[in-house]
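Colleague: Handing you this structure, nothing more for now.
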Amino acid sequence: MRILRVEGGRRLCGQIRVGCAKNAVLPMLAASLLAGGPVRLSDAPDISDVEHMLEILRMLGCCAAREEGELRIDPSGLKEEALPDRLAKKLRSSIFLLGPMLGRLRRAVVTYPGGCDIGLRPIDLHLQGLRALGVRIDERNGQIVCDGRAMHGGTVHFDYPSVGATENVMMAAVLTPGRTVVHNAAREPEILDLQRFINAMGGNVQGAGTHTVVIDGVRRLQGVQYRAMPDRIVAGTLLEALAITGGEGAVLGVDAQDLTAVIAKLREMGCRIQESQDRIDLCAPSRLKAFAHLQTSPHPGFPTDMQAQTMALATVAEGSSVIMENVFENRFTHVPEFGRMGADILVSGRMAVVRGVPALHGARVTAHDLRGGAALVLAGLCARGETEVEGVALIDRGYACLEGQLAALGASIARVDVES
Ligand code: EPZ
């Protein structure tokens, strides 16, 4: 079995550059189905979620591969209207292939994507949005059959600003005649990047990044070469690796504007931070102070994808912290693992009360989801002794060689094979 072995106690220092964002590249791969020519995404992250999405595109009839450091997609061969079950279940975010498949083929069949460790992950908002565009949706035998032959521009009002549902409707509307308006749209930076990508192909999308997105259908999109935005969650994770070890350094290539909530929380914990458009510099105190309260919420609120990592910091901070996880219903699976390292955390529903302890001790722990896995590695960086993190494949879904990035900052960490 493959694990990450971390020797705690080293103060991290130095500079590290982040790559392109998983949560920008994945919807762009889906949107590539809409292109009338080849699409090339440069510097895309070498992570398993991207590989799985490429495999799905190939199974739908497209050419899709990583060549010479870029992803090359030729969607001209798209013929299959049914998402392959095995892979769709493996990659929950494949549900936003529905929109572009309907945009191109006017027909799509998917099975209900499974939930995952962080929650049920329903798709009611996706289906509500597509129905507003005139898509006929029949759900039978666990399959969702979408008929888009009568699609038209429409008005969507989301009860909750879902990232994936906003992206799905944007992509379904791009080649659909008429104007589509999405109210209470998600405002994550990755959605603004998707708008830039679609418009670079000749689409007409406005307002992404605000609560209201307007899409005017066009007849055709051309191919494009594009570089997605930097990964703000990987950047936040690396900043917190510096912080939890009392370190000092900079994360390069990221826009501080995309991490304002995380930066504010790290300042509250005693870190000195300098912000700019393409780097964030951080100098941490020898011991962090607890933040009083943290609530996760849709952007520009505190990102749920940084909750587990920030909890790791709270476990060794001076004082007690309260964390409310408002986005996903089961995103505390890392708590019992922190407990094995000596953390003092009480969970009640969506609330966790973390009482900082002077130090954690190394242990064998298990990642149950992508960001929880990264959080356990952060805890290992400051724990006394050795920590072994199982479930590396989950971390590899969203981090291209996390151990390499941390080692470059001075961490003692390695990927090793051990007896299971
Ligand atoms: C995206 O997931 C991200 N994934 C997630 O990142 C991220 O945590 C999430 O947005 C929130 O920021 C990608 O972009 C590939 P949502 P998504 O739809 O689109 C509920 C990571 O670690 N909901 O905004 O699935 C849902 O159950 C991953 O990189 C409905 O109720 O997020 C959840 O409670 C994890 N009905 C909440 O909304 C729906 O139809 C947020 O979901 C859709 C969602």
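Each Cβ is built from the backbone N, Cα and C atoms, and glycine gets one as well.
Reproduced below are the annotations present in TrEMBL:
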type	residues	note
DOMAIN	6-405	domain 'Enolpyruvate transferase'
BINDING	Lys22, Asn23	phosphoenolpyruvate binding site
BINDING	Arg92, Arg121, Pro122, Ile123, Asp124, Leu125, Asp305, Val327	UDP-N-acetyl-alpha-D-glucosamine binding site
ACT_SITE	Cys116	active site, proton donor
MOD_RES	Cys116	2-(S-cysteinyl)pyruvic acid O-phosphothioketal
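Neighbours and distances for these, please.
Modeller: A sphere of 10 angstroms centred on the C-beta of Lys22 (phosphoenolpyruvate binding site) encloses 26 other C-beta atoms.
If you draw a 10 Å sphere around the CB of Asp305 (UDP-N-acetyl-alpha-D-glucosamine binding site), it holds 25 other CB atoms from the protein chains shown.
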Colleague: Measuring Cα to Cα, how far is Pro122 (UDP-N-acetyl-alpha-D-glucosamine binding site) from Asn23 (phosphoenolpyruvate binding site) in Å?
Modeller: 18
Colleague: Take the C-alpha atoms of Val327 (UDP-N-acetyl-alpha-D-glucosamine binding site) and Asn23 (phosphoenolpyruvate binding site) and report the distance between them in angstrom, rounded.
Modeller: 16
Colleague: Need this for a regression test: binding-site residues Arg92, Arg121, Ile123, Asp124, Leu125, Asp305, filtered to those with Cα within 10 Å of Asn23 (phosphoenolpyruvate binding site). What's left?
Modeller: none
Colleague: So how far apart do the UDP-N-acetyl-alpha-D-glucosamine binders Arg92, Arg121, Pro122, Ile123, Asp124, Leu125, Asp305, Val327 get, largest Cα to Cα in Å?
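Modeller: The span, Cα to Cα at its widest, is 22 Å.
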Colleague: Measure from the CA atom of Asp305 (UDP-N-acetyl-alpha-D-glucosamine binding site) to the CA atom of Lys22 (phosphoenolpyruvate binding site) and give the result in Å, rounded to a whole number.
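Modeller: With distance taken Cα to Cα, Asp305 (UDP-N-acetyl-alpha-D-glucosamine binding site) is 12 Å from Lys22 (phosphoenolpyruvate binding site).
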